[in-house]
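Novice: Pasting a structure here, questions to come.
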């Protein structure tokens, strides 16, 4: 059967301790409901409570929280703790029993909504984890009553709707032991609340094992759950299987769910095929169907098709609403077409619709993403003046943009404004703040935000901790990062391998391979499975210190443990072999990589070309470059620079310039390294004039060059006896704002003195003194020797005075 092909796993009975423990250990976010189509389509008996109320009990100690528990007796005297507690418990038990009594009466009369309301109130008061005590109460007081099955089933149903999944399973387990049959409604509610987890399959299988007929909602809930878990292929296979067996009649909700799941994974073509299938089944697309597909097209960048679909929607009598416009506006924002978004806003206003907070948030995000933060801030003030209360999402967007621009003062101002509003800040907001401060190197402020988040009882996630660890490592504070990681571990917080990988990589980049290996050993001892990223960092660490054999052993180790090496793994090791001069070993690794179907990236190809150029095999390097585009890998500046450098090193300037022009034809902007290589090869081949013209042309075009380009030409001009030109280029270098050191002056002066250009050397010396740089002993000796040799005793005397002034009187003159 097709279903078994993609779900080959043993059958698990729902009511086992193992399943109970799995549900108990699920993270809270996996059990919380989120708005989806099913909530709107299911009737009350098949929906999670629309309030989305958090049923986890939260107790806050008041003034009496720290005092002994005393109970007043009827005579006004204080009784013992045990007596008082017994009295309270008895009264509490009576209250719960009386409520169950009322439920039994209502059940016999068929007044199920009222019965549900009583159970819901009781569960809200009892809170999470109350199922065992309520089950015990039912067993002890109502075991032989009529309608018991209905009461138990309703109790499980209400627990499931209240998102107390573990309690619902406890009730169902007890029902199973009492040979009571739960309703499909209870199982549907439980499946719905577990739709974000793999346990949804176990509930579905349990329904079949219990011999319960599926409801019209059961299959839709399972399909929705699989789509929400990004398991589109599994959802489609299941849909095809049950449809083929005629166990299920799909409805418009089914197709909408599959369309949404397809669009979420970027498969818009599949979504369009489900739209066609929906119409073949006789269902007309509703507003949700159109919105889903329009959103998918916008995200995929197919805006023309999205606009055509919206026009088709209007022709079929379905006028665009605010949601439709927001989807289209967001589509243009994703492509950076902010002018088009405003056209849609104007069209929206002309149709009598008013932009809502979502519209404004999209517009603010668009401006901020384009770097126009000022416009985003202006819109924020305008929205507030119109009476809108901005939400956390809008503020997070603005904060993220301010952090990217490094506007710390504006960030502080906005945070103060947000604090005054007393908004309920979520993990996304705090993560934005923590990550933003970390990017700016403000680690202390990031830690303050983390402490505040913990104080507000917002659970810090791996993303926030990872940002702090990454910032510490990037700023060289690896010891502090290790302390922070150990502190998290010792405080009992669950740590994933990503956090360990961050610190291991920090150790490697700081040159502490011993620390990296030590932390890796700790990972193994804790039973945490390393990933290929872990091994990539360690391999890089050993390559950095030249221990290629150890790096190669690690490479084989990760393969032995079933980890598939990535392009990064291969490239790191290949680059190390290339740097060590072992090009043959590098090429063997490259061949292995291709044989193992690991797609090389542009960095891999650049490393291979660099190795081939070192071997002098430039023709093969060119073939590699040409083949890159054929297999869908776009060459970047580094790839072209590698080839250009290869030809420059063998002084084939024509070929070097050919690939420079080819680079420009591919719309790649040459880097300063490119120009350094070209200027250097012209100078090396004696074409100083061409090098000067290239420099002038680039400066006229506004191209930013490195100091190396200037100093290379100055060096050759001095050596070729062109002191005046050298002085002009040097002046342009200073004017460009480069920091000029004594070494930059010493080079030209030495070369000019050596060729008896003493007058020009004095110009460089005066420029040097004017810049506030004093000569050293070696330079003074060179110049005095040149002056003596050329009979310039006046300059020699002035130089000796300068020597005395600089405190360099112990110079030994080579001419004496």
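For all residues, glycine too, the Cβ spot is worked out from N, Cα and C.
Heads up, TrEMBL stuff is auto-annotated, nobody curated it.
As listed in TrEMBL for this protein:
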| type | residues | note |
| --- | --- | --- |
| REPEAT | 215-245 | repeat 'PPR' |
| REPEAT | 251-285 | repeat 'PPR' |
| REPEAT | 321-355 | repeat 'PPR' |
| REPEAT | 356-390 | repeat 'PPR' |
| REPEAT | 426-460 | repeat 'PPR' |
| REPEAT | 496-530 | repeat 'PPR' |
| REPEAT | 531-565 | repeat 'PPR' |
| REPEAT | 566-600 | repeat 'PPR' |
| REPEAT | 601-635 | repeat 'PPR' |
| REPEAT | 636-670 | repeat 'PPR' |
| REPEAT | 671-705 | repeat 'PPR' |
| REPEAT | 706-740 | repeat 'PPR' |
Novice: Same chain only, please: residues at least 6 beyond the ends of the repeat 'PPR' (601-635) with a C-beta under 8 Å from a C-beta of the stretch. Say none if there are none.
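Specialist: Apart from its flanks, the repeat 'PPR' (601-635) reaches 567, 570-571, 574-575, 577-578, 581, 583, 586-587, 590, 593, 642-643, 645-647, 649-650, 655, 666, 668.
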Novice: Let's see if you can do this one: DSSP helix, strand and coil counts over the repeat 'PPR' (215-245), in that order.
Specialist: 24 helix, 0 strand, 7 coil
Novice: Tally of helix, strand and coil residues over the repeat 'PPR' (706-740) according to DSSP?
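Specialist: Across the repeat 'PPR' (706-740), DSSP assigns the residues as follows: 26 helix, 0 strand, 9 coil.
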Novice: Under the DSSP assignment, what numbers of helix, strand and coil residues are found in the repeat 'PPR' (251-285)?
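Specialist: Output for the repeat 'PPR' (251-285) reads 26 helix, 0 strand, 9 coil.
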Novice: For the repeat 'PPR' (251-285), give me same-chain residues lying six or more residues beyond its boundaries with a C-beta closer than 8 angstroms to one of its C-beta atoms, as numbers and ranges.
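Specialist: Tertiary neighbours of the repeat 'PPR' (251-285) are 37-38, 41, 216, 219-220, 223-224, 226-228, 230, 232, 235-236, 239, 292-293, 295-297, 299-300, 302.
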Novice: Please list the DSSP helix, strand and coil residue counts for the repeat 'PPR' (566-600).
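Specialist: Tallied per class, the repeat 'PPR' (566-600) gives 26 helix, 0 strand, 9 coil.
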Novice: For the repeat 'PPR' (496-530), could you work out the same-chain residues 6 or more beyond its ends whose Cβ comes under 8 Å from its Cβ atoms?
Specialist: 462, 465-466, 469-470, 472-474, 476, 478, 481-482, 485, 488-489, 537-538, 540-542, 544-545, 561, 563
Novice: Six or more residues out from either end of the repeat 'PPR' (566-600), which same-chain residues have a Cβ under 8 Å from its Cβ atoms?
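Specialist: Apart from its flanks, the repeat 'PPR' (566-600) reaches 532, 535-536, 539-540, 543, 546, 548, 551-552, 555, 558, 607-608, 610-612, 614-615, 633.
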Novice: Which sequence-distant residues neighbour the repeat 'PPR' (706-740)? Criterion: at least 6 residues beyond either end, Cβ under 8 Å.
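Specialist: Tertiary neighbours of the repeat 'PPR' (706-740) are 672, 675-676, 679-680, 683, 688, 691-692, 695, 699, 747-748, 751-752, 755, 757, 760, 763-764, 767, 771, 773.
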Novice: Going by DSSP assignments with H, G and I as helix and E and B as strand, what are the residue counts for the repeat 'PPR' (426-460)?
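Specialist: Helix (H, G, I), strand (E, B), coil: 26 helix, 0 strand, 9 coil.
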Novice: Over the repeat 'PPR' (321-355), work out the mean pLDDT and round it to an integer.
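Specialist: Within the repeat 'PPR' (321-355), the model's average pLDDT equals 86.
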